[in-house]
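So the structure is just underneath, and the comments pick up after that.
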Amino acid sequence: MTQADPPERVLVPTVRGPVDAADLGVTLPHEHLFVLSAEFQSNYPHLWDREAGVRAAVRQLSAAYDAGVRTLVDMTVLGQGRDIGLVGAVAERTPINIVVATGIYSVDGIPLFARFRGPGCAVEAEEPLIDLLTRDVTTGIGDTAVRAGLVKFACESVPPDAAAHRMAAVTAEVHRRTGVPVVVHCDPFEGNGLALVRLLEREGVAPGSVVIAHAGDGGDLGRLRALAETGCLLGYDRYGMTPFASDAQRNATLAELVRAGHVAQLLVSQDHAAHIDYLTPEQKAHTYPDWTYVHLFTKVLPRLLREPGIDEATVHTLLVDNPRRLLSRVPAPHPEAHSEEAHAI
Ligand SMILES: [Zn+2]
C-alpha cells in the first residue's frame, strides 16, 4: 500500500467519554469545579447545598461556553475534595468537555493516608500511591469509568523537600506507565520551578511533559526564561487572581517569553473554582473580583493582543494547540531552535 496512512486519531478521556483531540477546541487547561474540604463537608452538610452548587457551576460554564470555551480541565485532585459524582452531575448538564486529573494536593507533606508506609517510611512497604493514581488513569475514578488525563502534585517548599521527592517519584512512575503529563503546583514567588523540573527529570520525566503550574505568577523574567529554557510548560494559569499578580504583569512576561520563542510552552487559564470552601462566596467576590471562567476572554486577551509580537495566531496556539498537545500526551517541542534568531528580536 503506497497511500499515506491517515494521521492517527488521538482520543482524550473526558467525563462524558473519549473525545477526539482535534475536537477539543478552546481549552482552559487549569481550572476547578469544586474545591472542597471533604471532612468539613461531610460533617457540616449545612455549609453548602450540593444541588445548588451544581446549578451554579453549570451557569458559570454556560458563560464560558458563550465566550468560546469548549473544554475545561478540572485540576481538582485528592486533598482538594475531588468528587467525581459532583463533576459528573455538572458534565451531564453542560456542553463543555470536562477533563479531570489525578494526583495529590498536599503542600505540607504526604497525606496521613500514605505518610507512615512506603519506601523509607516507618513501615517499609511498597509505595501505595502509584497503583491508586494509575488506576484513575487506566480504569476509572471511584466506581465510574471516568479516566484522568493528567497527574499532579504540589510543592511549595524551596528547595523541594522530602515529600516532594517522594511525590516526584510517584508521579514519574504514573507518567511512565500511562504517558499522562505531570503538573506541579509550585511556589512561583520564591521560585522552585526549576528545581522541580530537574527533580522530575532525574526521575525520568522529560521537561516537555512537565507543567509548572502557577509559574506565571512570578515577576522575575530571568527566572521565567531559565525555566522556559528547560523545555517545560509554564502555567500562566491564575489570570484574575490579582492579589498574586496583576494581569498586566502576567501579560508582560508572557509576551516576552513568546518573543523569545517559547510560545509552544505556555498555558493560559484562571485556576477558578465555581465553588471553593476556603472562602465564603462574599469573601471570594471581595478578594478576587476578577476571578471567573471568562476573565481571560473579557479582559486579558484583548490587552495581550496589544503587546508587540502577539497576534490572533498566538492566542490560538495558547488556547487550542498547546492544551490539545498536552492532553494528547505529546511533549512540548524543545525550544533550542530559537536561540540565535529569536534573541535578536
Ligand atoms: Zn489549581
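Cβ atoms are placed via backbone N, Cα and C, with glycine included.
Predicted automatically and left uncurated, TrEMBL annotations should be read as such.
What TrEMBL lists as Zn(2+) 1 binding site is His30, His32, Lys152, Asp271. The Zn(2+) 2 binding site annotation in TrEMBL covers Lys152, His185, His214. Taken from TrEMBL, the feature N6-carboxylysine covers Lys152.
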C-beta crowding around His32 (Zn(2+) 1 binding site), within 10 angstroms:
25
Could you state the CA-to-CA distance between Lys152 (Zn(2+) 1 binding site) and His185 (Zn(2+) 2 binding site) to the nearest Å?
8
Check each residue in the chain of His214 (Zn(2+) 2 binding site) that is at least six apart in sequence and keep those whose C-beta is under 8 Å from its C-beta; list them in sequence order.
His185, Cys186, Pro188, Gly235, Asp237, Arg238, Phe244, Asp271
Under 8 Å by Cβ from His30 (Zn(2+) 1 binding site), counting only residues of that chain that are 6 or more apart:
Val73, Met75, Val183, Val211, Ala213, Gly235, Asp237, Leu267, Ser269, Gln270, Asp271
When a 10 Å sphere is centred on the Cβ of Lys152 (Zn(2+) 1 binding site), how many other Cβ atoms does it contain?
28
An 8 Å radius from the center of the His30, His32, Lys152, Asp271 Cβ atoms defines the neighbourhood of the Zn(2+) 1 site; name the other residues of that chain inside it, in order.
Glu31, Val73, Asp74, Met75, Thr76, Ala101, Val183, His185, Ala213, Asp237, Ser269
Output field, Zn(2+) 2 shell: CB within 8 Å of site CB centroid, site Lys152, His185, His214 dropped:
His30, Met75, Tyr105, Phe153, Ala154, Val183, Val184, Cys186, Val211, Ala213, Gly235
For ligand 1, list the binding-site residues among Lys152, His214, Asp271 whose CB atom is within a distance below 6 Å of it, in sequence order.
Asp271
Determine the minimum-neighbour residue: among His185, Asp271, listed as binding-site residues, which Cβ has the fewest other Cβ atoms within 10 angstroms?
Asp271
